[in-house]
Structure formats: C-alpha cells, structure tokens
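Asks: Structure provided below as structure tokens; questions to follow.
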Amino acid sequence: MRPPVEVSVLIVSLLAPGVLYTINNIPALQEPLPILGLGMFILGFVLFLLRLTVSNQTKVDPLFYVFAEFSFTCMVGLTNALEQDGFISGFMGFYLKKGEPHLSTAYAVMMSYWDGIVHFILFLTIIHRMFRGKSYRSLGLLWAGSSIANQIVLIPGVVIGKYGSNIRPGFWRNVPFFLAPFWVASVLFSRPREMPVVTADKISAEQKKGLLFRPVDLLLSLMLLGAMAFSIFRGFVVLDCPLDTCFTYIYQYEPYLKDPVVFPRVMMLVYLFYAMPLMAFFTYGLRTPGCSWMLDWTIFFAGAMAQSQWCHIGASQHSRTPYTYRVPADKWWPTNKGKKEN
C-alpha cells in the first residue's frame, strides 16, 4: 500500500539536506559550472522520483510536478536559512562560495524561511487537495503571487546590487523558478472559480448599496488609499527625492532602504510601479460591486504582499543587515505599521 502522495512528496523533499551535505564534502563538485550542472541533474532526478510516486494514478494534473519540485527546493531554502542563522553548519558553504553568494544576505535568509515554512505548507496542502478532488485554485494563486513577488525583487536586486559583479553560473537556475509561477498563475486564472450559490435578489440588493453603507468596503478603501500614498512616498525616497521629508525619512526612520544589497530599493520600486496601480484597481473594485476579477486578484496580491512584507521587515531587523542600516528601535513601530498597511 502506497502512502498518500503528499507524504511521498514530503519524504522526497527531506532528502534535500542530505544531498547538500554530501556535495559540501566533495571538493570536485564545488566549481561554478559543475554546481549548475549538478543542480539541474538533481532537479531532474527529483522529478523522476516524483513521477514514480504517482505512477499508479490514471491522470495527474501537470501542476503537481511544479508544486512537488518546488517542495524540494523549499527544503534547500530552509537549510540555507538555518545555516545562516547558526542553527546548523556544513550544508551550504560550497554553494554560497561558488553558486549564489547573495543567499547569505538578510533578505535572502528571510526569503528562505518563507520558502521553507509557508510555501512548503502551501505545497503539501495543495497536493493533498489535488489528489482528493478538492479545489486548490485559491491556494495556488496565493503561492503564485508570493513567488512572483519574490523573484521580481530577488533577480534585479542581485544583478544591480553589490553582488552584480560576482554572478556565478548557479544564479541562472533562477530562470525556471522565475518562469514557472507565471505559468501556474496563467493556468489557474484560466480555470473557472467555484462560486457560492447566492440568490439574484440578494446580489442585486447588495450591489445597490453605496460605499458609505458598506463599512467593511469603506474601511478597506481607506486603507488602500493610505497604502498607495505610502508606496508613492517611499518610491520617491529610493529615487533620491531631494525633499527634506524624504531625506529625514531615509536617515532617521528607514535607513535599510540605503542598504547596498539594493533589495529594499528594488522592492519599493516594485510597490510604486506594480503594487500601487493594483491597489488603485482594487479601490475601484470596492467602489463598484460586481467586479468578478477582484476575488482572484486580491488573493494573488495578498500572497505577493505577505511575502514581500515578511522579507522586508525581517531583513530590516536581521543581524546580517549592518547595524547602520537597521531600522532604529524607537522608530520600528511607526515605520512598520505603515508597511503592514501595504
């Protein structure tokens, strides 16, 4: 009798630390090009093992292979986070030297924790629901938003930041991890959403109410407007706006925005040029009931913002961030209260 598919995926994923430890103790495999080639081989072998776990299934959703493969990389990320914070050792040294040195930064450590805990739980839950015929569309969109937000900050941040002059072949393993979430999102957006059965009279009565008579929507609209204003302001700050207010903010309230790793700077620009327009559309959707696209896009956006805020706030306080760039203790609450509203 075979174990449930999600249990098989869990077992395969837990092989990751052992694989890393083995490679870390074989010097011949610790050169830049062999690391990239070996990484691709390992991912291919993991895919083969995953195929064996579902060989008895008559029909397998192709998204399963994406979620299951990413589950393995989640354990790689968690191993990295635990090693950088000193809980374990002897696993990631080779990869940080010859693969992706930026994974030792505070931002990457927080990103690795998110991958290894939140994304991993999401994947196992999705796979569990997938093989029991239950809908996993919302969970999938939540992950897609989170993963895309991660990649559009990480990749540009590495290229234009302090590690841009030290990019190794191993960095290019991020390409499939960048493309896969977009494909998953496009597949899930194209699938119909399961809607609760509500009578037409009830829908009509609710949609006729003005925004002032929908207190929850009104509160959300005000919060979105505040988050939009704060996103614009911080966008101006990282673009070196000469106003005294911007100068005071970056030096006294959020010096992390000056960190030469530039992940926080890239994130603020993503907020300004991508998140802010989306929040404007959401404000319109709250004002105009009946926008069916709101349900999917708010879930997608929630995943993106949750991941971004976790990494940004955590990295701004992490010990791997130089002390001069950390948010001052007496300024932490007002600064991060504004962040959370995003």
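One-based numbering along the chain as shown.
Backbone N, Cα and C define each Cβ position, glycine as well.
Here's the feature list from TrEMBL:
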DOMAIN    60-185  domain 'EXPERA'
DOMAIN    216-342  domain 'EXPERA'
TRANSMEM  7-26  transmembrane segment
TRANSMEM  32-50  transmembrane segment
TRANSMEM  62-82  transmembrane segment
TRANSMEM  102-127  transmembrane segment
TRANSMEM  139-159  transmembrane segment
TRANSMEM  171-190  transmembrane segment
TRANSMEM  211-233  transmembrane segment
TRANSMEM  266-286  transmembrane segment
Asks: So what pLDDT does the domain 'EXPERA' (216-342) average out to?
Replies: 90
Asks: Can at least 3 Cβ pairs under 8 A be found between the transmembrane segment (171-190) and the transmembrane segment (62-82), with each pair 6 or more apart in sequence?
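Replies: Contact confirmed: at least 3 Cβ pairs fall under 8 Å.
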Asks: Hey, which bits of the same chain come close to the transmembrane segment (211-233), Cβ under 8 Å, at least six residues off its ends?
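Replies: Sequence-distant neighbours of the transmembrane segment (211-233): 246, 249, 268, 271-272, 275-276, 279-280, 282-283, 286-287, 289, 338, 341-342.
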Asks: Can you break down the domain 'EXPERA' (60-185) into helix, strand and coil residue counts using DSSP?
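Replies: Once the DSSP states are binned, the domain 'EXPERA' (60-185) shows 101 helix, 0 strand, 25 coil.
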Asks: For the transmembrane segment (62-82), I need the partner stretch with the highest count of C-beta pairs below 8 angstroms, choosing only from 7-26, 32-50, 102-127.
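Replies: It is 102-127, which has the most Cβ pairs under 8 Å.
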Asks: Across the domain 'EXPERA' (216-342), what are the DSSP residue counts per state (helix, strand, coil)?
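Replies: Summed by class, the stretch gives 103 helix, 0 strand, 24 coil.
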